[in-house]
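Undergrad: Pulled these features from Swiss-Prot for this protein:
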ACT_SITE  CYS80  active site, nucleophile
ACT_SITE  HIS169  active site
ACT_SITE  GLU171  active site
BINDING   SER225, GLY226, GLY227, VAL228, ASP229, SER230, SER231  ATP binding site
DOMAIN    3-196  domain 'Glutamine amidotransferase type-1'
DOMAIN    197-387  domain 'GMPS ATP-PPase'
Amino acid sequence: MSNILILDFGSQYTNVLAKKIRLLSVFCEVLTWNTPLEKILQISPSGLIFSGGPHSVYQENSPKVDKEIYNSNIPILGVCYGMQLIARDFGSEVQGGKSEFGYTPIVFYPSELFKGLVDQDAFHTEIRMSHCDSVVIPPKDFFVIASSQHCPIAAIECPEKKLFGLQFHPEVSDSQAVGDKILSNFVKHICQASETWKIETIEKQLIQSIKEKVGETERVLLGLSGGVDSSVLAVLLHNALGDRLSCVFVDTGLLRKNEVEEVKQQFSSLGLEILVVDASEKFFHDLSGIEDPEQKRKVIGAAFIEVFDEVSRNLDVQWLAQGTIYSDVIESAKSCDATQVIKSHHNVGGLPEKLNLKLLEPLRFLFKDEVRALGKVLGLPDVLISRHPFPGPGLGVRVLGEVRREYVEIVKNADSIFIEELKKANLYHKVSQAFAVFLPCKSVAVKGDCRHYGYTIALRAIESTDFMTACWPSLSREFLNRCSSRIINEIPEVCRVVYDISDKPPATIEWE
């Protein structure tokens, strides 16, 4: 298959870059920066991209590539750190200079990379910069094709070797129109990659892969959450394995309001029988006294595995299926040893090393929008496909600090009110995700002319195309007032409601 290969040097945007390329209907995969040249040549990609990263190329032991890769005749695009690496490998100097962050005016000059953007002499626009180091002089046989005020060498090219470098990130949403055009030029025009990445093809490949991996006799256990990922996975596995799939829904006590009954009803309508296991006592017991978010995630992951192990002995299953997707992997920083860890994901970083079941993750390299598209192909109803994401640890990471039953009930009711109001106002499908967070701090209020000491609820809503970057929506004063009034009046323990106005980055979507 004609494809684009990304060598990951640790950028948190690497998988956003991969998604952008897949949206061009071109297959893209990500490998670590130290992948042997022999393996890269065996893959025989149409093009290579060196990602950004947190290191400086002049640091000792900074990530490097085998320089023979430049003699492979494979077109290469370096992004940020990737551009600096190319420049250094060809004899240029990279220095820590004037940093640039945020929107920056830039000038593009004629280049194959900017085809359709630069008609004649130059094209003036704004892109988002995020760098501390800069290339001082262009390498021999390279030309400068973009400049900004504080970064005279913002992009370079060597047409003869088909080598290109960008000091900025074309994949981030802020510069979407320009960035998408640049990536399209590189992938389709320069690399001439084939458009073979289609969701219908993915469905067939995944079903075939599941059959080959599981074999003809072994059985699979799937822990349903009621979310998009596990719902799509359930139908996919059912199509591949039939009655050799056992679906278990674990009531952790950390679920959304009425979640258990809704999940039972939804999957019954899909022709799937599920076993409901009430393990809430265990989860609250195991979480008692634990305040650290990372530890909570690991405890919840371990508790899930213990429950599944116990169930599996009665069901005679050999595999545990999980709805892990690509963004889960990048959040847990497992795709590259140079990545800065943000948080562990329940499905990937929170699992104990010793697992008594073999792990099956068919959706591991699909993005959320690809999972939704797959769900449509599989015939899932819109009510499941368009549901907001819900974290694997559930409300355990929406109660800050120690998880107690009374705290969970408070945030569960507040969340239900918030979602209900979003649906009433026809806003639910206009935001990408929305939820309530319980803050374990009390503040003074006045209720019925009496002094009251109550908890605080934070409301969080975001708009995002990839869940790697996100912005907060400007919900109206009237809408937020309705939500606040209902929460404070209907939940006696709460006396204050705040609205989170933090983008990602710097904040993550979930508070923990």
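Including glycine, each Cβ sits where the backbone N, Cα and C put it.
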Undergrad: Distance between CYS80 (active site, nucleophile) and GLY226 (ATP binding site) at the Cα atoms, whole Å?
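TA: GLY226 (ATP binding site) has its Cα 39 Å from the Cα of CYS80 (active site, nucleophile).
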Undergrad: May I have the list of same-chain residues other than SER225, GLY226, GLY227, VAL228, ASP229, SER230, SER231 whose Cβ is within 8 Å of the Cβ centroid of the recorded ATP site, in sequence order?
TA: LEU224, VAL232, LEU233, GLY323, LEU384, ARG387, PHE390
Undergrad: Counting all other Cβ atoms within 10 Å across every protein chain shown, which of the binding-site residues SER225, SER230, SER231 scores highest?
TA: SER231
Undergrad: Name the secondary structure element type, per DSSP in three states, that contains ASP229 (ATP binding site).
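TA: DSSP call for ASP229 (ATP binding site): helix.
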Undergrad: Across all chains shown, how many C-beta atoms besides its own are within 10 angstroms of the C-beta of GLY227 (ATP binding site)?
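TA: Neighbour count, Cβ to Cβ under the 10 Å cut-off: 22.
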Undergrad: Using a 10 angstroms cut-off on Cβ to Cβ distances, just flag whichever of GLU171, ASP229 is the loneliest among these recorded positions.
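TA: Each of the recorded positions GLU171, ASP229 was scored by Cβ atoms within 10 Å; lowest is ASP229.
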Undergrad: Which residues, sitting 6 or more apart from GLY226 (ATP binding site) on the same chain, put a CB under 8 Å from its CB?
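TA: Correct list: PHE249, LEU255, GLU259, GLU262, VAL263, GLN266, ARG387, PHE390.
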Undergrad: Average the per-residue pLDDT over the domain 'Glutamine amidotransferase type-1' (3-196) and send me the rounded value.
TA: 89
